[in-house]
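A.B. asks: Structure below; questions to follow.
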Amino acid sequence: MRYDLDLVASWIAPGSKVLDLGCGQGELLQHLHDTKGVQGFGVEQDEEKAATGISRGVSILQGDMAGEVRDYPDNAFDVVVLSQTLQQVAEPLGLIRQMLRVGKRAVVSFPNFAHWRNRCQLFFQGNAPVTPELPYDWHDTPNIRVITFRDFHRFCNRFGFTILEAVAVKTDPASRGGLVLRLLPNLRATYGIFLLARS
Amino acid sequence: MSEYADLSPGGPGVGAVEKRFFTFAQDEPFVLESGAAIGPVTLAYETYGALDPDGANAVLVCHALTGDSHAAGVYHGADPKPGWWEVMIGPGKGIDTNRHFVICSNVLGGCMGSTGPASLNPETGRPWGLAFPVLTIGDMVRAQKVLLDHLGVKRVLAAVGGSMGGMQVLEWAARYPETVVSAIALATAAKHSALHIAFHEVARQAIVADPDWNGGDYYHGPKPAHGLAVARMIGHITYLSDEAMRHKFGRGLQDRADFSFSFDADFQVESYLRYQGRKFVERFDANSFLYITRAADYFDLGATHGQGSLTKAFSRGDTRFLVVSFSSDWLYPTYQSRELVQALKRAGRDVSFCEIEAQWGHDAFLLDSPRLSGLVAGHLERTRRDLGRDLRRGLP
């Protein structure tokens with residue numbers, strides 16, 4: 001499994017109830033089900049990915065995550081996961097509020113826009129960064145949000161989300177390996193993973 | 001539902017099968033939701049595969065409006081036509097008969113061996129006709145429950161069905177949640193839209209307007225064949241879609257180079273509809289069509305089981321759900337499946353949903369689709385695995 005998903009999994013208690021928004025083929029949920037007896041539910045927009053996940057035995061709703069999350073009752077889940085998708089969300093504030101309404105905890109991860117490679121591309125080459133983590137041209141990208149760790153901390157402070165855990169990692173998008181960084185994370189980390197709670 | 005003879009079965013089937021009959025309510029009549037009572041009641045049914053000793057591998061297949069108990073395999077002798085869901089049921093298929101014990105019964109009110117308006121009324125010795133009581137999807141499901149009890153099946157791993165079969169599946173899940181470990185509802189809804197009821201009404205009117213219908217009392221004379229054929233033609237239009245019809249027929253002419261300048265079937269689509277209508281008349285009873293469409297139109301799961309709330313209708317039990325819709329289905333459009341899914345989520349049920357991109361309209365659930373088979377197989381597999389784990393842990 002992907003390194004960052006392994007870290008996310010380490011925050012989830014056995015037997016808990018988890019909702020994964022943008023779950024793809026349900027890799028994380030399947031892993032959590034098999035190793036921790038977690039009752040997992042996913043939401044995925046793409047028909048093929050959703051169908052593949054369901055065919056593998058994961059409970060997945062094909063649909064738009066912002067719409068689907070609204071139907072769940074309060075506190076329906078122990079943890080709601082939004083993995084590497086925040087940069088693509090139209091209304092991040094509304095979505096995270098919904099996540100912390102239906103879940104007691106929320107896990108949010110995203111690629112760090114302040115990574116030194118992005119900074120270098122902008123500073124030395126003068127173009128919008130295109131990297132393995134953000135591999136799209138400006139005119140053809142699903143990533144409509146530019147997020148750095150500092151921005152996200154500020155965002156959480158301002159809107160009253162408590163950050164219980166924050167991990168900066170250096171890993172490739174598809175890699176099984178990676179490193180947790182403590183020194184200069186906003187400069188060196190490719191991804192940030194945050195565990196949030198209501199204040 | 002389309003004539004399944006057109007379908008090519010995908011892979012080897014279950015082989016020769018036999019239609020069986022079960023009769024109950026001989027002493028105590030079977031009381032319907034309307035309050036009327038009938039008895040005795042016979043259901044025609046078929047089974048494929050074998051029931052495991054722990055009884056945990058039974059799958060109940062519910063047929064659509066004009067289907068029957070013959071879901072898979074072929075009958076002995078001259079009838080080579082495979083069952084209506086041959087593409088889904090069989091060794092290694094979506095519902096794998098090497099692993100599952102499949103039961104499919106013809107609904108109460110039907111005309112394929114089950115008690116319906118064409119059956120003899122024991123009090124008069126004549127066919128029931130319109131004296132047959134109006135029934136509901138709930139009545140059909142309660143009758144199926146009696147059959148399952150008779151077969152010694154205490155719990156089904158899944159109830160599976162599309163269209164009106166999907167309505168029965170939902171009824172099962174709401175009425176007997178403890179009996180249904182999982183519910184697979186395809187191309188269906190918790191209640192019909194006005195559009196859907198309107199199509200049914202036009203079809204029913206076509207039947208009752210046929211002079212041979214004779215107030216439903218036609219069993220000793222000519223059948224209302226024309227009216228029933230028109231009803232079927234209307235049905236067929238709704239089972240396809242604009243795109244499917246364009247793809248299948250376009251404006252192609254049938255057996256001619258130019259218009260006949262008459263009202264013969266010049267266009268291929270006309271010829272197709274007339275053929276489907278004729279074929280249907282040979283196998284279906286007009287009164288059954290009236291009763292079954294009525295039952296489907298009356299179906300409103302939220303009203304019957306949730307005092308108006310669909311969420312409440314699903315509040316009991318632990319049944320898990322797989323809901324599937326098809327993008328070009330305008331008879332049971334995706335928004336109705338999404339309403340269902342929304343209610344299931346609010347009720348805290350474990351539910352999966354997928355809208356399959358398909359151009360074939362409502363009929364898509366009957367056609368060979370690796371995607372649909374994969375969804376059903378995966379859902380059954382996980383349900384069985386989790387049930388096995390629960391049983392080992394000693395959970396109910």
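Every residue gets a Cβ built from N, Cα and C, even glycine.
Annotations for this protein, taken from TrEMBL, read as follows:
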type	residues	note
ACT_SITE	B:Ser163	active site, nucleophile
ACT_SITE	B:Asp329	active site
ACT_SITE	B:His362	active site
BINDING	B:Arg232, B:Asp363	substrate binding site
DOMAIN	B:57-367	domain 'AB hydrolase-1'
A.B. asks: When you tally the Cβ atoms that lie within 10 Å of each candidate's Cβ, which of the recorded positions (B:Asp329, B:Asp363) has the highest tally?
C.D. replies: B:Asp329
A.B. asks: Output the one of B:Arg232, B:His362 that, of all these recorded positions, has the highest number of other Cβ atoms within 10 Å of its Cβ.
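C.D. replies: In terms of Cβ crowding, the pick is B:His362.
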A.B. asks: Near B:Ser163 (active site, nucleophile), meaning Cα within 10 Å, which of B:Arg232, B:His362, B:Asp363 (recorded positions)?
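C.D. replies: Those near B:Ser163 (active site, nucleophile) - Cα within 10 Å - are B:His362, B:Asp363, in sequence order.
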A.B. asks: Using Cα coordinates, what distance in whole Å links B:Asp329 (active site) and B:Arg232 (substrate binding site)?
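C.D. replies: Cα of B:Asp329 (active site) to Cα of B:Arg232 (substrate binding site) measures 18 Å after rounding.
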A.B. asks: Between B:Arg232 (substrate binding site) and B:His362 (active site), what C-alpha distance do you get in Å?
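C.D. replies: Cα to Cα, B:Arg232 (substrate binding site) and B:His362 (active site) are separated by 15 Å.
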A.B. asks: Counting every protein chain present, what is the number of Cβ atoms, excluding its own, within 10 Å of the Cβ of B:Ser163 (active site, nucleophile)?
C.D. replies: 28
